[in-house]
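First comes the structure, then the notes that go with it.
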Amino acid sequence: MKLGKSWLPAHVLVWTYVVLLVVPLYYFLASAFKTNEEIFGSPFAPPSSLDPGNFSTAFQRADLGLAVVNSGLVTACSLILTLALAIPAAFALARSTGRAAAALEKVFSLGFLIPTFAALFPTFLLAAATGLFHTRTFMVLFLPATAMPLSVVILVQFMRTVPAEMEEAARIDGASTFAVLRHIYTPMCLPGIATVLLLNFLTFWNEYLYSLVIIGPDPAQRTVQVALPTLKAITGTDYGVLTAGTILTLVPVWIVYTVLQKRMQRALISGAVKM
Amino acid sequence: MTTLTPTRGGTALPPPVPSPSAARRRREGGTILAVPALVWYLVFMVGPMAAIFVVAALHWPGMLQPVTFAGLGNVRTVLDDPVFWEAVRNTAVQLAVALPVMITCAYMLGYYVAQRPPGHRVVRYLLFVPGLISTPAKAMVFYAALSPDGLANGALKAVGLGSLTDAWLASPSTALGCLIALDLWSGIGFTAVLFAARLSSVPDEVGEAAQLDGAGHWRTMWRIHFPVIRDYVGVVTMLQFLWTLFGSAQHVLLLTQGGPGASSTTLSFLVYQKAFIAADLGYSQTVGVFLFLIGLVGLLLIRRSFRQTH
């Protein structure tokens with residue numbers, strides 16, 4: 001359809017919103033290279049120098065280096081566990097035609113409706129009861145459970161597209177169930193696995209409230225999302241350091257987004273559509 | 001639950017009937033592989049969920065304090081507490097403002113992007129950005145923007161409106177507004193991309209036919225396209241409803257701590273605050289039960305109002 005003159009208000013409104021999205025981000029990036037006086041005096045001016053001093057201050061004061069390692073560790077281990085649980089489950093559900101499997105699939109797709117936040121305190125009790133309170137281990141065990149509904153539902157859809165004849169041919173050659181999963185289903189569902197990995201990478205890396213309550217504020221264990229808000233308290237109102245620290249935590253996500261932009265957009269959209 | 005089951009390929013359709021031998025083959029090595037995932041899910045998600053209802057019936061004034069059975073005593077305490085009612089009011093305001101504004105703006109923005117106007121690629125890239133940023137990072141952006149020496153006040157001074165400056169996050173009249181602004185700022189863009197993706201699957205002919213009949217874009221957008229993706233809008237509205245209802249605890253915790261007074265305490269923050277700050281565990285989980293029920297009723301209402309009419 002043609003976009004006539006009547007679209008002018010629409011253009012104006014949309015670009016106003018875009019500016020509202022960009023300005024705080026620009027302000028953030030610019031402030032990371034400024035001192036407090038410069039930030040208050042001329043908030044919109046570009047920085048006079050690209051001095052990385054704020055970054056190194058943020059890095060040291062909030063122990064961000066260690067926090068990034070912790071976040072990376074928790075995210076990677078949780079992703080591996082998620083796949084280890086979700087791939088066999090999706091494989092089983094996609095292949096069987098029984099009533100139990102259908103019911104199980106329903107259970108997983110209803111899981112979208114359980115907001116993880118609701119059970120924060122009981123989960124905390126569970127962590128305490130298992131003796132894993134204040135450990136990263138509990139988060140590694142817990143996060144995959146929150147990811148299960150989405151991961152299983154996405155993978156089941158991909159696995160349904162694998163033709164049954166391929167499995168039959170492999171069976172005639174004497175392949176076991178495990179070999180069928182490993183050599184036929186997994187390679188053919190790599191796009192689905194990539195989608196699940198991307199979506200969960202984002203959620204796990206960005207997870208805040210559970211990490212705060214369960215891993216706690218110990219600098220040796222805490223994740224980057226828990227370390228970040230402490231900058232606010234530590235630095236008083238040193239905005240340069242605060243913004244520099246925030247930017248540091250965004251780098252991994254931003255790299256992944258830029259490299260895999262198309263795939264990530266598709267993944268996020270499909271993730272939401274499934275819900 | 002038809003609107004919630006996946007739309008592409010899968011569960012909504014009955015599986016094709018396989019030939020008898022294929023059926024036997026496909027069942028081999030069966031459902032047992034799904035058990036670990038199910039166990040995990042039950043232990044870490046369903047179990048704690050059920051425990052909310054148990055703790056809500058206990059009198060438990062702190063982690064190391066003796067626990068006694070309270071029955072419905074907590075419900076009475078909660079209903080008599082003015083802070084609870086203030087939290088109910090705040091949550092109601094938050095939902096009543098954020099949800100309709102977000103969904104309406106996001107739908108129009110999504111329609112705009114789906115028409116591929118000049119620059120739509122840039123717009124699309126930027127709309128995604130809030131979806132990538134973590135909650136603490138978003139809160140830090142808002143903290144830096146709205147603090148007394150921050151971006152908002154700087155901008156007001158720069159255009160000569162210095163008298164309008166305020167300590168936005170620390171003022172009882174604006175704290176809740178700031179939280180709603182954060183919801184809208186980050187929610188509209190992401191939701192719009194979802195709508196745009198769905199709208200681009202509507203055949204062009206649908207819109208063109210309407211144009212030939214003399215309908216403008218406004219009419220096409222609401223009368224032609226909206227009914228087509230109506231149930232999808234419903235699903236997204238449900239999701240945003242849940243995220244706003246339950247997710248606000250993190251924003252409140254990071255930005256205002258519920259204050260000043262209780263002016264920005266939402267129900268989900270009250271659950272957090274009573275559990276981890278005030279150590280009144282039965283109270284906290286009783287509010288959790290209320291939150292759960294509100295979520296359930298809200299979902300059913302939204303589902304009903306977006307039900308496909310044709």
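Residue positions begin at 1 at the first shown residue.
Positions of Cβ are set from backbone N, Cα and C atoms, glycine also.
TrEMBL lists B:1-25 with the feature region 'Disordered'.
The transmembrane segment annotation in TrEMBL covers B:33-60 (among others).
Residues or ranges marked as domain 'ABC transmembrane type-1' in TrEMBL: B:88-302.
The annotation transmembrane segment is assigned in TrEMBL to B:92-113 (among others).
The feature transmembrane segment is assigned by TrEMBL to B:125-146 (among others). Packing against the transmembrane segment (B:125-146) from elsewhere in the chain are residues 109, 113, 152, 168-169, 178, 181-182, 185-187, 189-190, 192-193, 247, 250-251, 254-255: each is 6 or more residues past its ends and has a CB under 8 Å from a CB in it.
Annotation comment: TrEMBL describes B:174-197 (among others) as transmembrane segment.
Per TrEMBL, the feature transmembrane segment maps to B:232-255 (among others).
Residues 52-53, 55-63, 70, 73-75, 77-78, 81, 84, 87, 91, 95, 234, 237-238, 241-242, 245-246, 267-268 of the same chain lie 6+ residues outside the transmembrane segment (B:275-302) yet bring a C-beta within less than 8 angstroms of a C-beta in it. The annotation transmembrane segment is assigned in TrEMBL to B:275-302 (among others).
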Intrachain neighbours beyond the transmembrane segment (B:33-60), with Cβ under 8 angstroms and 6 or more residues off its ends = 67-75, 280-282, 284-286, 288-289, 292
